[in-house]
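Visitor: Among the features that TrEMBL reports, domain 'Thiazole synthase ThiG' is placed at A:7-250. The annotation active site, schiff-base intermediate with DXP is assigned in TrEMBL to A:Lys98. The feature 1-deoxy-D-xylulose 5-phosphate binding site is assigned by TrEMBL to A:Gly159, A:Ala185, A:Gly186, A:Asn207, A:Thr208.
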Amino acid sequence: MTKPLIIAGKTFSSRLFLGTGKFASAQQMQDAILASGTELVTVALKRVDVHNPQDRLLDHLKHPRINLLPNTSGVRNAREAVFAAQLAREALETNWVKLEIHPDPRYLMPDPIETLKATEELAKLGFIVLPYIHADPVLCKRLEEAGTAAVMPLGSPIGSNKGLKTLDFLEIIIEQSNVPVIVDAGIGAPSDAAKAMELGVDAVLVNTAIAASENPVQMATAFKIATECGRIAHDACLAKSVTHAIASSPLTAFLDD
Amino acid sequence: MINFQALFDRQDWEQVKSSIYAKTETDVEKALSSSKRTVEDFKALISPAALPYLESMARLSRQTTLKRFGKTIQLFVPMYLSNECQNICTYCGFSFDNKVKRRTLTDEEILQEASVLKQMGFDHILLVTGEANHTVHVDYFKNAIRLLRPHFANISIEVQPLEQHEYEALIPEGLYSVLVYQETYHKERYKMYHPKGKKANFYYRLETPDRLGKAQIHKIGLGALLGLEDWRTDSFFCALHLDYLQKTYWQTKYSVSFPRIRPAEGITAPEYIITDRELVQLICAYRLFSEEVELSMSTRESEKFRNHILSLGITTISAGSKTNPGGYAVEPDTLEQFEISDERSPQEMAQVITDQGYEPVWKDWDRSYWG
């Protein structure tokens with residue numbers, strides 16, 4: 001049994017978080033979410049009618065196991081992000097927010113400067129902030145100082161399914177971090193999720209790889225298993241790889257005779 | 001910083017046209033196998049040489065769209081606020097020389113129309129007018145957006161080109177995007193289609209997206225009116241425009257539409273035809289050229305065409321559209337801009353989208369984002 005994940009005092013037994021975009025229907029999204037075993041799903045504020053209790057998307061996310069993590073996708077700066085977070089807090093009754101500030105609509109690259117500014121402001125306002133960022137070790141430390149609850153570096157460009165292209169930087173971030181590290185964006189296959197978990201990240205967030213697959217429910221199950229598998233391997237401490245051969249009959253053994 | 005006019009003026013219509021028609025199967029294959037496609041690749045993909053590759057293009061386009069947008073199609077609806085127009089455009093039902101009754105909606109009528117569209121389920125709305133600066137001007141738009149903002153998540157406009165400061169004044173009111181089609185990029189023939197009115201100024205229209213980019217609008221919609229000139233050449237210039245804008249105003253989103261000339265009051269059949277097959281080719285070419293551009297389909301097209309194009313690259317579609325002011329509730333029989341082809345209701349269209357395994361998305365923005 002692996003240790004549970006704790007973010008801002010809240011315990012999660014699943015280390016797989018899901019996005020809710022790109023599914024063919026709300027029902028398919030719900031089925032995939034349940035199959036994944038996730039306890040945290042992120043939902044774009046712009047997609048839901050927060051003033052309508054019968055909103056179709058929100059309705060399909062009502063489950064005792066599921067915690068909602070509203071995201072600020074669509075905002076372009078810290079000011080808009082703070083406003084969106086406040087609206088989400090009021091409407092969805094959660095002070096958790098996934099901070100997404102990507103002013104570049106082509107590659108959806110996160111803006112580090114505005115993200116840091118917004119994190120500082122939101123943390124002061126009592127929010128549990130989970131910011132989507134580049135795999136930038138220095139930025140992660142600055143966000144920690146600003147009061148972030150976790151950091152969410154990208155593995156590769158969002159929606160690209162290219163996997164862990166930022167591996168070297170993720171290793172540094174994991175080594176230095178005092179808050180949970182969640183790989184957000186780029187994870188394209190269950191093997192990427194397993195790799196991230198083996199590496200020591202605390203959780204992974206997946207959307208496109210599941211929603212855009214031929215069978216989202218089956219794929220969600222595969223990610224569930226892969227995430228668990230990777231974490232168990234991490235906890236068991238992987239045997240270290242070496243670059244030089246260690247012969248079973250060493251050439252220098254005679255020295256010990 | 002270079003503006004688009006300078007880039008455009010370096011091009012020669014006839015040379016561009018010749019280079020498109022000279023593209024070979026090798027050029028098409030290179031474009032198809034490339035991971036980052038250039039405007040030269042776009043030329044190859046819209047060339048006659050690409051037609052035998054249409055099925056491959058369609059498959060790639062579907063795959064690319066699914067990756068970026070998932071199985072979702074956004075719905076929007078136009079609301080015509082006025083059919084008054086000071087321009088003579090030889091292809092448009094609102095043309096000044098059409099001696100028919102004109103009207104511009106009052107506040108009460110705007111809200112009446114809004115109420116019907118809300119009941120249909122729409123949350124994204126496109127406000128459309130002719131170009132009559134004395135009645136439908138920036139203050140009229142400001143008032144209309146203020147009236148509609150509490151009722152819709154997302155408001156776009158398709159009106160006469162405005163000055164940068166005028167766009168800047170509309171954005172805080174809740175304006176999300178502006179659609180401005182060049183109609184044709186053929187500078188000389190443009191004058192023939194627009195003999196009178198402010199619209200006759202080719203370069204003022206051409207530079208409108210630059211003014212929008214500088215005003216930091218969220219989204220700019222581009223397009224050429226298919227049927228005025230050779231569609232391949234016009235589409236190349238539109239793609240060049242898109243490419244320039246994406247690099248220059250990198251925080252702005254873009255959409256492309258594919259309006260084919262439709263029958264309208266006083267209009268003769270278009271001189272240049274784009275067939276259904278070629279329109280599919282064009283849509284797929286845009287998707288392969290730009291993975292993230294929104295591709296929009298109107299009710300100008302037939303039911304059959306719209307049903308099939310849903311999964312080939314289109315991301316945004318209108319439904320139940322009326323092209324006359326007050327057409328939904330106030331006065332259904334006023335002058336329409338053009339005849340629509342697909343008359344299915346929004347709910348019927350949503351069902352078609354669902355039946356194809358896609359989710360109809362009514363809302364993908366929030367008015368609270370305006371602060």
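For all residues, glycine too, the Cβ spot is worked out from N, Cα and C.
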Visitor: Can you name the binding-site residues among A:Ala185, A:Gly186, A:Thr208 whose Cβ is less than 8 Å from some Cβ in chain B?
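Guide: From A:Ala185, A:Gly186, A:Thr208, flagged as close to B: A:Thr208.
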Visitor: Counting only residues 6+ apart in the same chain, whose Cβ is under 8 Å from the Cβ of A:Gly159 (1-deoxy-D-xylulose 5-phosphate binding site)?
Guide: A:Leu108, A:Ala185, A:Asn207, A:Thr208
Visitor: Over the residue list A:Gly159, A:Ala185, A:Gly186, A:Asn207, A:Thr208, recorded for 1-deoxy-D-xylulose 5-phosphate, what is the maximum interresidue Cα distance in Å?
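Guide: Farthest-apart Cα atoms in A:Gly159, A:Ala185, A:Gly186, A:Asn207, A:Thr208 are separated by 9 Å.
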Visitor: On the three-state reduction of DSSP, what should I expect for A:Lys98 (active site, schiff-base intermediate with DXP)?
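Guide: Looking at the DSSP assignment, A:Lys98 (active site, schiff-base intermediate with DXP) belongs to a strand.
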Visitor: Other than A:Gly159, A:Ala185, A:Gly186, A:Asn207, A:Thr208 themselves, what residues in this chain have Cβ atoms within 8 Å of the centroid of the 1-deoxy-D-xylulose 5-phosphate site's Cβ atoms?
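Guide: So the additional residues around the site are A:Gly19, A:Pro157, A:Ile158, A:Ser160, A:Asn161, A:Ile187, A:Gly188, A:Val206, A:Ala209.
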Visitor: By a simple count, how many Cβ atoms lie within 10 Å of the Cβ of A:Thr208 (1-deoxy-D-xylulose 5-phosphate binding site), its own Cβ left out?
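Guide: Result for A:Thr208 (1-deoxy-D-xylulose 5-phosphate binding site): 22 neighbouring Cβ atoms inside 10 Å.
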Visitor: Please give the average pLDDT for the domain 'Thiazole synthase ThiG' (A:7-250) in this predicted model.
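Guide: That region's mean pLDDT is 92.
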Visitor: Let me know the most crowded of the recorded positions, choosing from A:Lys98, A:Ala185, A:Gly186, A:Asn207 and counting other Cβ atoms within 10 Å.
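Guide: Checking each of A:Lys98, A:Ala185, A:Gly186, A:Asn207, the winner is A:Ala185.
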